[in-house]
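Below: the structure, in structure tokens.
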Amino acid sequence: MLRRGSQALRRFSTGRVYFKNKLKLALIGQSLFGQEVYSHLRKEGHRVVGVFTVPDKDGKADPLALAAEKDGTPVFKLPKWRVKGKTIKEVAEAYRSVGAELNVLPFCTQFIPMDIIDSPKHGSIIYHPSILPRHRGASAINWTLIMGDKKAGFSVFWADDGLDTGPILLQRSCDVEPNDTVDALYNRFLFPEGIKAMVEAVQLIADGKAPRIPQPEEGATYEGIQKKENAEISWDQSAEVLHNWIRGHDKVPGAWTEINGQMVTFYGSTLLNSSVPPGEPLEIKGAKKPGLVTKNGLVLFGNDGKALTVRNLQFEDGKMIPASQYFSTGETSVVELTAEEVKVAETIKVIWAGILSNVPIIEDSTDFFKSGASSMDVARLVEEIRQKCGGLQLQNEDVYMATKFEGFIQKVVRKLRGEDQEVELVVDYISKEVNEIMVKMPYQCFINGQFTDADDGKTYDTINPTDGSTICKVSYASLADVDKAVAAAKDAFENGEWGRMNARERGRLMYRLADLLEENQEELATIEALDSGAVYTLALKTHIGMSVQTFRYFAGWCDKIQGSTIPINQARPNRNLTFTKKEPLGVCAIIIPWNYPLMMLAWKSAACLAAGNTLVLKPAQVTPLTALKFAELSVKAGFPKGVINIIPGSGGIAGQRLSEHPDIRKLGFTGSTPIGKQIMKSCAVSNLKKVSLELGGKSPLIIFNDCELDKAVRMGMGAVFFNKGENCIAAGRLFVEESIHDEFVTRVVEEIKKMKIGDPLDRSTDHGPQNHKAHLEKLLQYCETGVKEGATLVYGGRQVQRPGFFMEPTVFTDVEDYMYLAKEESFGPIMVISKFQNGDIDGVLQRANSTEYGLASGVFTRDINKAMYVSEKLEAGTVFINTYNKTDVAAPFGGVKQSGFGKDLGEEALNEYLKTKTVTLEY
């Protein structure tokens, strides 16, 4: 026998604890709160001899009735207790038959006659959600907030014949937070603490220790019940009073006003303490000043000139939307569920079926409220999901915001993934039916998880190089947009879910993103063909295919980034331990070129994200569309807001601001050497941010006479003409040994003549248009310079006579070392050939290395000793032997000399986005 104080205690195998002082209870009331009080009282050993509750509604029993029936407790479902002021005889007999010693009323909407109230030995106790004697009446919580009280709480009191006037048994209080709503206050304090207090009150009565403290009349107030008809907003008041009125009716009954002839209810009010953001005016009946629909919600104004923001709006038909979307006509992005999330959805479907017992099958289109659910069922749904879905805490408004099952599951999944539930992704698309599919292209800046116009509304045309037509207008990011994107990325890193996420979960999101890229590869490749002129078949395999591989590769690295332990000299007689940690840098900027729009994004951003950073990425001004489509897919994959930000626009404005921004800790750039130098300078002067640069190239390809000539011709052409020559590692100069030079040139020209130049969406096309008009003109000038300097134009050198920016594949021979063609990169389909004397290995190496560039290089020979010697001597970040363009996601890629420094791809790329911290401790 164990003893606690003076009470005898016995423990049984069921785990329930029984004290000596226990009571027989009648529970009178309803709701989830009533159910929880019932369950906790039974758990503490009290015997509930009867539950008196309301009748089933639309075939659904109240949660309290369900719990009691499951336990075998007698349940009485009474439509009323009295008629014409007198207790119904049958009801009184049923009540007295259970022999209760105490009535417990946790939440009761019915009038209980006094003879029932006074019948038990210990009378009756009632839970009331205010600090009595203040706010007597049925809408106590509402009035606590409406009146701007700084303290809220509840009272458990002894019932008498007055209206909430009985003696106090116990009270509890809490501070009212500035933006508390009725729901927030109830969920945070009144519900959980109220359950505990009811159980404590019953035990105090059982122990004979329950006080009866008369309520003072000083400070007593009584307010009437708040219903929809008297919850209309009166606008001639201060912002704080308006705020209190709105939150004091949130969620029930809901403060409302008239907008465009329709009743609109406001939810989620907060006082605006900062400057009023820009927005679109919205006329509101009775308001002296129009509201403003902003990206953060609907801004309202009091008569004192101060403002508040409302987060959500509900219309007469029950539909609820984020207030920021009042004028929006965009489409809502759909989250695609993982296998684990599908299981959660099935669990929730069972919960819906239990609540909507009158609905035979829960379908995607099933509407929670149109199927008969009430506000009480909302509380039950939220609580059951919390219990059965790993503690997931929804808010009541989540149900109102997504009343149909399919939409509700979307909201739940977003919540599970740690996304902001306040605003869903809305995408305004430019849609085109092309390549036998409907291509849907976002065209706005993507900042903090939302597509948005540029701050100043500026746009520019993005051009289809196949015919020179305008694809669409794209937002032209301003300095303000860059600053917003950086701020969003910083907040996501320092305060958001991303910064708290474990590495394996980060990898899961990246795997999911890779899957989505693969699932949408036809659309992405089509956009790449439209926007950059990439041949569709090549775009599928390389532009998109390698992007998928890159994200999968780095997703696997997420949980394998680790430091090391290092033996150091011990501080004897103590000991020391030194270890290193690899940590993310923070906010990273990424600026990518136009030749592989999505692949260049993937090469840099995958490593950046795997390391745990957040990013702001500026795509090339002429090819922004796949980057913006990528942003949409990142939301579908579940990336939290602010982790990925895409800002289309110019290098001179957006790119320069990124290089100068003090909150950016790393910048990764692929582009020209002159721009790379400017970026490096700006990064150094601003805050010495870490930089990795992949810049220009003039990659030499040496072809010896002992090579496999057929392969050398085929690979040599690929080295130059792959992706229209718009390839950073393209062979900028071919050195062909004298004895095979003429045959090599002849074969190359023969093969060029077989190439089909045309529409990149045509599956038989080999060679598409150059990326943009200015680049085509630069290539034509390059050829003119070569001819003027005396190089021999063997083939091509002209624009193709058809619409668009097409250029003939071009071959120059007799290129001497002093010529412009020998020194400068064309970045186009121009083969520059120089011959070298038979056997002069060191001489050709000297010529190959006499450039400031060092990105890639190649050699073709059957002699392995010669191949290895040449690979050692070539000054380049990559050397290809008897192959070319063979890059892989696991192999580091990057240049030397003025081709830059730092690596993309492979494990080494992770180090570009990590910092090493050394920790030493003594013990």
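Placed from the backbone N, Cα and C atoms, the Cβ positions cover glycine too.
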Original post:
Which residue from Lys388, Lys903 is recorded in Swiss-Prot as N6-acetyllysine?
Top reply: Lys903
Original post:
Pick from Ser139, Ser375, Ser692: which one does Swiss-Prot list as O-(pantetheine 4'-phosphoryl)serine?
Top reply: Ser375
Original post:
What's the CA-CA gap between Gln621 (NADP(+) binding site) and Ser650 (phosphoserine) in angstrom, rounded?
Top reply: 6
**OP:** Could you give me the DSSP helix, strand and coil counts for the domain 'Carrier' (339-416)?
**Re:** 49 helix, 2 strand, 27 coil
Original post:
Under DSSP, is Lys903 (N6-acetyllysine) helix, strand or coil?
Top reply: coil
Original post:
For the binding-site residues listed here, Ile112, Ile592, Ile653, which shows the highest count of neighbouring CB atoms within 10 A?
Top reply: Ile592
**OP:** Would you count the other C-beta atoms found within 10 angstroms of the C-beta of Gln656 (NADP(+) binding site) for me?
**Re:** 17
**OP:** Based on Cβ atoms within 10 Å, give me the single least packed residue among the recorded positions Ser31, Gln621, Ser650.
**Re:** Ser650
**OP:** Work out the three-state DSSP category of Lys60 (N6-succinyllysine).
**Re:** strand
Original post:
Including all protein chains shown, what's the count of other C-beta atoms within 10 A of the C-beta of Ser375 (O-(pantetheine 4'-phosphoryl)serine)?
Top reply: 13
